[in-house]
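Okay, structure first, notes after.
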Amino acid sequence: DRGTGMAILLIVLLVLTTLMTAIRIVSKLVTHQRWWWDDFFAILSLVCSIIMFGLLLAWKHIGLGLHMDLVLATDPNLLLTGGRYFYVATMFFDSSICLPKLSAIFFYARVFRTNDRSLRIQLWALGLIIAGWLLSAYLVTIFQCHPIPRAWDTSLPGTCVNTYRWFLATAALSCVIDIWILVVPIPRIWGLQVSRRRRIYLLVAFFLAYSVIVLSIGRLVATVQIVPRLTSDETWEMPVYMYWAALEASISILSVSTPNATALVK
């Protein structure tokens, strides 16, 4: 049963992300900092993550993590119910991946100089790409099959998009955007009027805070290795892919809230 390990991971991540977001909120209240879009996107990311995790845990309760043959032998309708859970969870996963990136962009806009033209152009470009990605992700998820119910009931006649290619494209895009977000502040941090050691310390701390890039790459590899096998035994293979997806979504939330937690400690 692969579902038990996945459920434990989801619960641990849920506790950590909720705690970090709570620290972010407390930090804002204690330090009397102005609320801005980076805060709202971070909080909304947590809400989407909670809903996604809840749907996956509900799916686990009816067979996710078991071999598909065993689920079919128990009750074939459980596969349809699980398919519906995954169909909805996918949209909240897209939100959980994209919204923290938007939070990071607005954080940059708040922290760094707004008269930096190069920075403004990059932030606008990143924001538009991410917003376009999220909108297209919603549309592809909702209309991936014709008729729509075929997304969770493959016995229905109709056609569906190649989900493997879509998962691969979005995983690769996530990696590229994470690298871009990571690189954007480097010239600004290096240009700070502080000692060289302090600048290096800030860069290392920043890289560690935005370590989600490692999980983005991990999900890309998992997509290549696991997604093609989902058609043969979806309920058994899916938890391994969801390990990476859940970690990426959660570490994204933790990363964008780390600066606020640091401010509270200080």
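Placement of Cβ uses the backbone N, Cα and C atoms for every residue, glycine included.
According to TrEMBL, the protein has these features:
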- 23-265: domain 'Rhodopsin' (DOMAIN)
- 6-27: transmembrane segment (TRANSMEM)
- 39-59: transmembrane segment (TRANSMEM)
- 85-109: transmembrane segment (TRANSMEM)
- 121-144: transmembrane segment (TRANSMEM)
- 164-188: transmembrane segment (TRANSMEM)
- 200-221: transmembrane segment (TRANSMEM)
- 241-265: transmembrane segment (TRANSMEM)
Pairs 6 or more apart in sequence, C-beta under 8 angstroms, 3 or more of them: is that satisfied by the transmembrane segment (39-59) and the transmembrane segment (164-188)? no
In the same chain, who gets a Cβ under 8 Å from the transmembrane segment (241-265) while lying at least 6 residues past its ends? 6, 9-10, 13-14, 16-17, 20-21, 23-24, 26-28, 30-31, 33, 38, 41-42, 45-46, 49, 52-53, 56, 93, 96-97, 100-101, 103-104, 107, 174, 209-212, 215-216, 218-219, 222-223, 226-227, 230
